[in-house]
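Data block below; observations after.
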Amino acid sequence: MNTSPDRVIIFDTTLRDGEQSPGAALNVDEKLTIARALARLGVDVIEAGFPHASPGDFEAVQKIAGSVGSEADSPIICGLARATQKDIKSAADALRPAAKPRIHTFLATSDIHLQYKLKKTRQEVLEIVPEMVAYAKSFLNDVEFSPEDAGRSDPEFLYQVLERAIAAGATTVNIPDTVGYTTPSEFGALIRGIKENVPNIDQAIISVHGHDDLGLAVANFLEAVKNGARQLECTINGIGERAGNASLEELVMALHVRRSYFNPFLGRPAESTEPLTKINTKEIYRTSRLVSNLTGMIVQPNKAIVGANAFAHESGIHQDGVLKHKLTYEIMDAESIGLTNNQIVLGKLSGRNAFRSRLQELGFELSETELNNAFIQFKEMADRKKEITDRDLEAIVNDEIDTVPDHFRLELVQVSCGNNARPTATVTIRTPDGSELSDAAIGTGPVDALCKAIDRVVQIPNELISFSVREVTEGIDALGEVTIRLRYAGRTYSARAADTDIIVASARAYVSALNRLHVALQQKEKTPEMLQV
């Protein structure tokens with residue numbers, strides 16, 4: 001095994017660490033959809049979940065291993081496991097269908113974690129790590145070990161732990177900045193120290209994992225690459241615990257745009273034009289939108305690479321410069337991440353073949369049933385909107401691949417409001433038993449009245465904690481996208497919907513979020529979680 005390749009391995013943990021963002025809970029089908037997108041994107045490793053955490057996570061990892069990871073050229077499918085036999089056995093079982101499976105096991109090494117969380121001594125950790133790595137190795141050849149909170153661990157102790165993990169069979173050692181505490185110079189020095197002081201480090205790939213609590217995760221990772229790290233653990237849109245993880249799109253495009261700078265650190269001539277990762281950058285924007293839609297986590301407009309303003313210029317001086325030559329104020333081409341202004345316009349006279357053809361050109365792969373349903377939505381939208389653009393098509397497709405079970409189905413929405421009127425809303429909803437129930441309510445505004453009317457029918461307790469609207473397209477008949485976040489029993493549930501009518505989009509998003517909550521309540525009754533992580 002080449003433990004110092006001349007390229008960077010991209011390890012995506014959107015489906016594991018990214019899903020730990022409040023409100024980002026995904027069902028099995030949604031995880032499968034994202035895993036397929038990650039494979040298209042070209043990631044080397046997909047960390048599909050934490051199999052022992054819950055039956056749902058086990059099923060998701062197993063299904064991803066059997067579908068996305070079943071071929072010889074598929075990405076490596078990875079499952080997380082604590083350094084216990086039960087966790088490791090669950091991961092091995094879930095990963096069995098994968099052609100290239102990996103177990104990722106971890107144990108904390110910082111004194112604060114040892115004292116307050118694990119209540120173990122350093123000597124105990126030095127004994128547990130090789131034992132559990134060897135146990136994982138008894139199932140699979142590919143084993144990754146992480147010393148949790150390495151960024152705050154004593155370096156000398158860390159060197160000992162890593163040496164024992166590698167001796168026991170770890171093929172990758174991952175160095176996590178678990179709480180986003182280190183600075184780039186410190187993190188680079190930590191990686192350099194590991195390269196210089198772990199005797200058998202040449203037998204494993206050095207990986208890094210980091211959180212963005214101080215906004216330094218990407219900078220830390222790039223410094224780590226310069227000092228010998230060859231695997232980067234990251235997420236789409238940087239989602240994850242607290243302030244999130246290092247952002248995949250920012251890391252990949254930094255390595256892409258500044259290739260001549262990073263080439264020598266990977267043993268290449270500065271002028272080499274070979275990509276530093278296997279990522280198909282033209283899939284970045286579409287993957288970002290998919291993850292945002294399915295998790296309900298909005299990408300901030302000024303987010304690097306994939307934000308709505310990333311390639312926008314408002315200053316007259318900047319606009320003039322860009323019109324004369326793009327490189328005056330743009331360091332990368334929007335088309336390099338799959339964002340194009342080449343908007344093919346469809347209308348109400350466009351047929352199924354034109355619709356199918358444009359979806360294929362945009363890279364969407366739909367089943368015949370999904371295509372039929374999406375075409376019906378397209379025709380309905382075309383009757384209300386003069387022109388249908390690529391952004392509209394994207395919204396239609398994302399609605400169709402939103403796999404939340406339709407237990408409660410919105411059949412009718414009517415709202416009355418005005419400057420001298422009490423906002424009222426009437427709704428009709430089909431319930432899980434097939435009956436149609438109608439009710440009405442008044443509120444402080446049309447959306448408030450709408451949510452109250454829906455609550456009277458559905459009767460699922462919740463707290464609406466976030467409501468946002470953004471335009472998908474331009475013009476007076478623009479498609480509007482509503483994102484709603486609910487909270488119940490300490491957990492957050494998100495959903496989104498798009499429509500030319502914001503009230504209709506609001507109703508659909510709210511019902512979709514309630515469906516997510518309803519499914520979660522049903523699953524909790526049937527199969528309580530195996531452990532709390």
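Each Cβ is built from the backbone N, Cα and C atoms, and glycine gets one as well.
Feature list (source: Swiss-Prot):
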| type | residues | note |
| --- | --- | --- |
| BINDING | D17, H209, H211, N245 | Mn(2+) binding site |
| DOMAIN | 8-270 | domain 'Pyruvate carboxyltransferase' |
| REGION | 409-533 | region 'Regulatory domain' |
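This view paints the features noted in Swiss-Prot onto the structure.
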| residue | record | Cβ neighbours (10 Å) |
| --- | --- | --- |
| D17 | Mn(2+) binding site | 23 |
| H209 | Mn(2+) binding site | 28 |
| H211 | Mn(2+) binding site | 24 |
| N245 | Mn(2+) binding site | 29 |
Env. residues of Mn(2+) site, Cβ within 8 Å of mean position of D17, H209, H211, N245 Cβ: T13, P176, T178, G210, A217, E233, C234, T235, G240, E241, G244, A246
Within the region 'Regulatory domain' (409-533), residues counted as helix, strand or coil by DSSP: 38 helix, 54 strand, 33 coil
Model confidence over the domain 'Pyruvate carboxyltransferase' (8-270) (mean pLDDT, whole number): 97
For H211 (Mn(2+) binding site): DSSP state (helix, strand, coil): strand
